[in-house]
Amino acid sequence: ARTASCQLALRMDCRESALLVSVLLLALALCSAQNYVLSDDGGLGRVFDGIGGLSGGGATSRLLVSYAEPYRSQILDFLFKPNFGASLHILKVEIGGDAQTTDGTEPSHMRYENDENYYRGYEWWLMKEAKKRNPNITLIGLPWAFPGWVGRGKNWPYDYPDVTATYVVNWILGAKQYHDLDIQYVGIWNERSFDIKYIKVLRNMLDKVGLIGVGIIAADGDWSVANSMILDPYLNNSVDVIGAHYPGTTTITEALKTQKKLWSSEDYSTFNNEVGGGCWARILNQNYVNGQMTATISWNLVASYYEDLPFGRDGLMTAEEPWSGNYVVESPIWITAHTTQFTQPGWTYLQTVGHLAQGGSYIALTDGKGNLTVVIETMTHNHSVCIRPPLPPFNVTSQNATFWLKGSIASIKELQVWRSQFDFKTNKPSFFEKLKPLKLVDGSFTLNLAEDEVYTLTTVSTGSKGSYPDPPPSARFPKVYKDDFDVRNPPFSEAPYFADQTGVFEYYINLTDPGPHVFTLRQVLTERPITWATDADQTISVIGDYYWQSLTVTCDVFMEKMNAGGVFIAARVDKGGQSIRSAKGVFFWVFADGTYKVTNDLVGETVLAEGQSGTEVHSWYTLSLTVKGQYASGSLNGYPLWKNAVILTPKAGWAAIGTRSFELAQFDNFALVAE
């Protein structure tokens, strides 16, 4: 057919030179195009399960909740609203475990065995906001960490599988009872290994309490659980989805043999500039083309945490300035839209998907009712590198591609066209641009595909590129900031802008204090949690601008632990997240034994000053720390306690509050002034 078309074009009687040139160009394009067949004649491929984002693992949406309206709702619309932005099909959230799980801690619903509270944290709110915009969104929960009591004295959650399963099942039941949220899947914590007995116990417990429809994703790590599933029919029946993290678009034979759904249940984790968008474009297609994965979930949903924490800006979009209202709709949002706005979970991949001859890939999906969506990407190697795993070399060059529609889709006459061009050469990209509809000729269409492009060709006509007026301009954290924590009915358990790095700091009503400290911020953990990350031995919450050098931090403090209790305020804290144990800065401590200490590190090994303070448990004190240039000074209740401690490093960092250990302590009237 292609040869006939070439001969016909070349034999046309061209009477005008312009027409001749056009015909010759068309003929050359047709003759040089590679042919690809899209057909359902031989049956269909796997059922599509959707594209999603991940909030948590950990505290990646921490700053989002502090945005004022209308900006917070606008951000949520770009993430979840159908036919507007990313239009996500899946939201996966962390089941908080009170522990550091990458960029911060998220509070648990069961801090102690006899404690249940289904209003802590912000993931409940986020799931409801997502569901409000897309009632059909799939909701998934996964615990990255657990309160210490779950391990019965061990830093491992699976020695007592009944206890751990009860903890997880209660979260699912609480989601429904208190928030009317139906959780469709729950993941298995697997940063070190998966536990077969626990998976079986969890499946049995879910069924016993009537949660038969809640599927288990195992093992939210690598593909190795598939080997065990093949050998163990009961385990195989317990697992609904095999989920891998950062699979590099490939799977293993054993996973395919199980005939289970295969998901990239955590992927991307890449800085969200244009190369990050290219990474996302490539893996969204090739996770299925290479690995038969029918869902891909981005870590993370939205980069809404301090950028200088680990993996800064590794989200589909950026919302890290609630104090200014500024947010940025990054390229991954629009790359997501190329698929999500023109498909739905339950659609089916055609078997005829694959790689383009000159590099790139194409997928095709149908709803079985006559609709077709084709997504093509031509991302080059250097413009689509993800953070992990290493990307083997490959080549992509410009090419012409002719697609022939066969089978039940052969009668399609017109396709809507959406295009994104990264245009790395001029740095003038265009994303999710609607082009003129494409008329099919004899059931085919030809595209001239340049490097680093994404195309969607679809019968679905409801797609749109949503927009709002520009948000306020970007601004640094305010140099003067105060919070007295006097909130009678806080919408969230956490205070604005504080980012807990070890421990959990929550609003607290101190009913035993009739004075000025009724409403406070309290560090509530008294036991070290179970976590794969390395929490510090001290608790700490950071706030402010990472690049602050000279500032004064003031806070009222109240120790509740007898004898060994202690609290601190700090400046120039230089690390957080998984690196929090090695954080340096200027830490001003007072202790319940009547002493004070000034250290250059969180662990307290490098002592800059120390002495008697007269502090004791169950009394309020006002601490003030001033750091300017190479010197620091501190006061207690307005009187100088130490001065001119020499600070050589670090040169800058966040402000912070915290405790000596996992102990109860309260904070009030926090204030900072930076130069």
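Placement of Cβ uses the backbone N, Cα and C atoms for every residue, glycine included.
Any TrEMBL annotation is an automated prediction that lacks curation.
TrEMBL lists 1-33 with the feature signal peptide. Annotated domain 'Glycosyl hydrolase family 59 catalytic' per TrEMBL: 48-341, in sequence order. Feature annotation from TrEMBL assigns active site, proton donor/acceptor to Glu191. The feature active site, nucleophile is assigned by TrEMBL to Glu266. Residues or ranges marked as domain 'Glycosyl hydrolase family 59 central' in TrEMBL: 349-463. The domain 'Glycosyl hydrolase family 59 C-terminal lectin' annotation in TrEMBL covers 500-672.
Spatially close to the residue listed as 'active site, nucleophile' yet at least six residues away along the chain are Leu54, Gly57, Lys92, Asp220, Gly243, His245, Tyr246, Ile297, Trp299, judged by Cβ distances under 8 angstroms.
Mean pLDDT across the domain 'Glycosyl hydrolase family 59 C-terminal lectin' (500-672) comes to 97 in this model. Note: the domain 'Glycosyl hydrolase family 59 central' (349-463) comprises 3 helix, 55 strand, 57 coil (DSSP; helix = H, G, I, strand = E, B).
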